[in-house]
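Trainee: This is the structure, below, for whatever I ask next.
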């Protein structure tokens, strides 16, 4: 046997004379130094990553590098965690365990199972299947209003777009072009630009539907982060919606430009748009690909209440559209919504 200390050989009988305590001490010392060196190298790499300019500086250089708390928060691996959680959500749950897991989730987030086509938890094979549960049509009558809610959720903000900036919570806004892309808005004095922002909580129905009679002619996919869009956090991260991954449908309706955007969030890596089956969101990308937007020409005419797509958990829908200045909204910030519910009282 090779003597690792002297370079010679040990007699088999001498191996039995090695002190087990000294052996344990030696192994523990080696593991300790290995752990310490791993922490030092990993910590140094993280600090280097934190202070190295990347695509986030391009999107929001003013805020990202002026506040260390924002830099640390944005550097956390939300995308990776969301992919892991998404994979777990697709794993089949044993039948005997579904009532406990899915039922517990439903009670925690106040999911209205009586509205579902199938209220039996045992018939949902995974969390993903449960998130995409179908509702009975009678529970969501579609209003005859020209503009209806595209999803179940809560109104975060609404109103006129001032100076080409969209305000998603009070005091925080972003440029229309940075969010929607380069879009052409018909210049008509009798029209103004408006917006409605709706937050979908985890317990809400996760599909989103058409809010009006309109035609989508472009599907724009913008890769990005998966930061939380909870209302309590939105005011702390400027330009959050421009940093998060999103799918933007641009088109037109009776009054001109119309856009509907699905913004992803933490644990919401997957966005599905039925009119664009090739769309793939929250996939691993190289650094050079993280700011590469893809634009696909489509032709998707929609009627109010018609299904457009779905989230694989809750997130946010942003509507941006042209309308006459006579428009009167029937909502206020903080109002709960059901898809198909009227958003306007008059003037459209």
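The backbone N, Cα and C atoms fix where each Cβ goes, and this holds for glycine too.
Heads up, here are the entries from TrEMBL:
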TOPO_DOM  1-32  topological domain 'Mitochondrial matrix'
TOPO_DOM  52-348  topological domain 'Mitochondrial intermembrane'
MOD_RES   315  pyruvic acid (Ser)
ACT_SITE  315  active site, schiff-base intermediate with substrate
Trainee: Near residue 315 (pyruvic acid (Ser)), how many other Cβ atoms are within 10 Å of its Cβ?
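Mentor: Excluding its own Cβ, the number within 10 Å is 30.
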Trainee: Can you tell me the mean pLDDT for the topological domain 'Mitochondrial matrix' (1-32)?
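Mentor: Computed over the topological domain 'Mitochondrial matrix' (1-32), the mean pLDDT is 60 on the 0 to 100 scale.
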